[in-house]
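Chemist: So TrEMBL lists the following for this protein:
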{"type": "COMPBIAS", "residues": "342-356", "note": "compositional bias 'Polar residues'"}
{"type": "REGION", "residues": "316-356", "note": "region 'Disordered'"}
{"type": "REPEAT", "residues": "15-56", "note": "repeat 'WD'"}
{"type": "REPEAT", "residues": "57-88", "note": "repeat 'WD'"}
{"type": "REPEAT", "residues": "99-140", "note": "repeat 'WD'"}
{"type": "REPEAT", "residues": "141-182", "note": "repeat 'WD'"}
{"type": "REPEAT", "residues": "183-224", "note": "repeat 'WD'"}
{"type": "REPEAT", "residues": "225-266", "note": "repeat 'WD'"}
{"type": "REPEAT", "residues": "267-299", "note": "repeat 'WD'"}
Amino acid sequence: MAAPCPEDPSLERHFKGHRDAVTCVDFNLNMKQLASGSMDSCLMVWHMKPQARAYRFSGHKDAVTAVNFSPSGHLLASGSRDKTVRLWVPNVKGESTVFRAHTATVRSVHFCSDGQSLVTASDDKTVKVWSTHRQKFLFSLSQHINWVRCAKFSPDGRLIVSASDDKTVKLWDKTSRECVHSYCEHGGFVTCVDFHPSGTCIAAAGMDNTVKLWDVRTRRLLQHYQLHSAAVNGLSFHPSGSYLVTASSDSTLKILDLVEGRLLYTLHGHQGPATTVAFSRTGEYFASGGSDEQVMVWKSNFDVVDYGDAVKVQRRPATPAASSGNLPEVDFPVPPGRGRSQESVQSPLQEPASMPQTLTSTLEHIVGQLDVLTQTVSVLEQRLTLTEDRLKQCLEHQQLAAQGTAP
C-alpha cells in the first residue's frame, strides 16, 4: 500500500462527552461550532477552538436522532424519539422552544436554504414542513407506507427528497405538494438521502449496503456503489460536488470520487458502527459519530487545491477488495460553481421574515385542525398495539355503546 501523502484525510480532533451512541452531527456555517446528538438524550455543541468548553443541552426526554444548524447559524434544530422538535439558541444559555412535531420518533430535521422552513421526517410515516419563524405546521407529505428516516430540501428549496423503510426514495414538489417520482431500486430500508450541491441529482443509501445516485431530471441511475460490508447509516456531499463521504455499520468511513466514479479512501477510527457523517459548509473538514460515543473531526485536505483542480489531488489507490471494480461509465454532472471561494460559501443568508397576518390566521386554523388529527392518530396507534381479537372486541363494544345497548 502506498505511504500516506500530505493530501490524505487526517483525524484532527475527537470529542468525548456523550454517554451513549452518537446519532447525528452538523457543522455551524462559521465553523466555530459542531453539534452532535446522542442516544443519551442530550445535544452537545463542541467548539472548534482548542480548550473551549463544550455546551451540553438537556431538554429532550428520549434519544436525540437529528441535528441541523440554520443557514445563518443562529438556530439549531433537533429531533428526538420523544416525538418533539426543539429549536435551540446555540450559546451558553442553551435556550430552546419545543413543539410536538409528530406522533412517533422524529428521525430527521433540515432547514431550507432561506432559513424560513424546516422539514421533518418521522416513524409516523409522514414528512412535515414547518414555518421556522412561528414554529407552525404548514403541510404534510404522506405517501410513504413505513417509517421515514430522512428528508432534505433541495439547494433551491423547490424540492424535497425523503427516504423510507418502505425501500423507496420519493421526490416531492414543495409548491404542489405532490410526489413527482419514486425511486424503488433499493433492496432494503433506505436510511439516508441528500441532494448534490448542484441540485441536479440525489444520493441515497441504506440497509442493503449500497450507495446510489440518481439524476432528478432524467430520473435515471447515475452511479451504484457496493463498497461497504454492512448498512450505510449516513452520507454527505463535499460542497464542490466532486466527493461523497459515507458512514457504515462496518465501522468505516469511505470517500468516493464522483467524477471518476471510484473509491478514494477507507477511513478507520470508530470502534463499532459509524452512525453519522457530515462535511463542513466549506468542505475543509468532515465530522463523524459512532456507537463508541465519540465525535471525530477529520481534515479533508481537498482544499489544498482549488475546487476546479480537486480531481488532480494525489490519491491512495483503492484495493480491489474494497472497490466495486465494475462501475458503469456515467455522465456525472459536475456543478458549474466548483471554483467558488470560501467567502462565497460563508456569506450569511437572509433571516426568516414575518408572515402576513392573513397567512398567520390561516396557519393557526390549520394547526388547530392538526391537533385534532394528531390526537385521533395517537388513539389509533394505541389500539393497533392490541391483538387483532382484542381490537375487534373493543370496536364491537364501542358500536354497542353508541347504540345504547352496551351492558
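Positions of Cβ are set from backbone N, Cα and C atoms, glycine also.
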Chemist: Kindly report the helix/strand/coil residue split of the repeat 'WD' (225-266) according to DSSP, in that order.
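Modeler: Going through the repeat 'WD' (225-266) residue by residue, I get 0 helix, 24 strand, 18 coil.
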Chemist: Take the repeat 'WD' (57-88) and find every residue of the same chain, 6 or more past its ends, with a Cβ under 8 Å from one of its Cβ atoms.
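Modeler: For the repeat 'WD' (57-88), the sequence-distant neighbours (Cβ-Cβ under 8 Å, at least 6 residues beyond its ends) are 20, 23-30, 33, 35-45, 94-111, 113-115, 118, 120, 122, 130, 132, 135, 348-349, 351.
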Chemist: State, in range form, which of 99-140, 141-182, 183-224, 267-299 has the highest count of Cβ pairs under 8 Å to the repeat 'WD' (15-56).
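Modeler: Checked against 99-140, 141-182, 183-224, 267-299; highest Cβ contact count belongs to 267-299.
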Chemist: Cβ under 8 Å to the repeat 'WD' (267-299), counting only same-chain residues 6 or more beyond its ends: which ones?
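Modeler: Those are 9-16, 18-27, 29, 31, 34, 36, 38, 44, 46, 48, 230, 233-240, 245-255, 342, 345-346, in sequence order.
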Chemist: Do you know the DSSP helix, strand and coil residue counts for the repeat 'WD' (267-299)?
Modeler: 0 helix, 20 strand, 13 coil
